[in-house]
Amino acid sequence: MKLALIIFLLNIFSIALVCSELNADQQQEIIDKINNVRRNTVPPAANMREVQWNECYAQIALDFLKKCGDVDGHNPDRFTQGCEASENLGESIYNRPLDDTTTDPIGVWAKEGESYNYYERSCSGPTCINYLQLINANAYLVGCAVYNQENCGRTGETTICNYGEGLGFTGATYNEGEPCSECEGEFSYCNEGLCAQEDEPTPTGSTSTGSTNEVTDCPTNHHHHNHNHDHDHNHDHKNHDHGKGGGKGKGKGKGKGEGKGEGDDEGISGFLGVYAEDKSDATSNSIMILLLVATILSVLLSSL
């Protein structure tokens, strides 16, 4: 009986350490930040789609992180998981030390746009590929996961976001023009400058087939999502060109047409700024749970 109780408490301990649940509000925060970047491209985009959350993509990211593989490498199996549009799934990876709680990966990826020249399809910085993922007009789904690398015997925290569709072989970004002037087909509805589906799915609804995210079993008050480090990573194994971003880009225009990266200078504290205050409370609660479990385990072990 005591052994069974010890195993149960160890499982509780593991959940408190591992979980990185993104609830509906946090998912929407991610989507809003990405769509904000997509609305503010320079030059403006005529055919930029609005992205929505995809739970299947989030599960792919989480499953890969749980394998404790190379956090600097990409998931080679992400194309074969049966998710919608996953045959060309883009990926961005971000690693940060646990004591860094000041910025978020989406803001850092967006900031790469300051080095991107739309007309020349060139990047003057170390990489612009994560920014190109953010402004890929063909993308309409995104799913992200967060993982504490202490579970893998390492330090830091990793965020992965998967995009569908990814840049693929063409590296296409978007067509220059009046916002929504080239919205077509099922994305013919204009929502504040983005081509949207008129019947938009809810942020938490899965548009995939038969995938559930294990993190929904985590304690609902556990939010430890701050993600930053100088290891910003690229998109899709199918496109290794870090210096150029292809695209149809109508019109030549004058000037450099640098990308505009918004989101990093908004006073964000942690991955999801609106949850910065929740984070400290959740962390305190998690510590209390861990201390309680440790105390009970100590008593049980001493009585064996």
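Cβ coordinates come from backbone N, Cα and C, glycine included.
The compositional bias 'Low complexity' annotation in TrEMBL covers 202-212.
Annotation source TrEMBL lists compositional bias 'Basic and acidic residues' at 229-244.
The compositional bias 'Basic residues' feature in TrEMBL is assigned to 245-254.
Per TrEMBL, the feature domain 'SCP' maps to 25-171. The average pLDDT the prediction assigns to the domain 'SCP' (25-171) is 86.
The annotation region 'Disordered' is assigned in TrEMBL to 199-267.
Sequence annotations record features per position, and here TrEMBL assigns signal peptide to 1-20.
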Composition by DSSP (helix, strand, coil) of residues within the domain 'SCP' (25-171): 54 helix, 32 strand, 61 coil
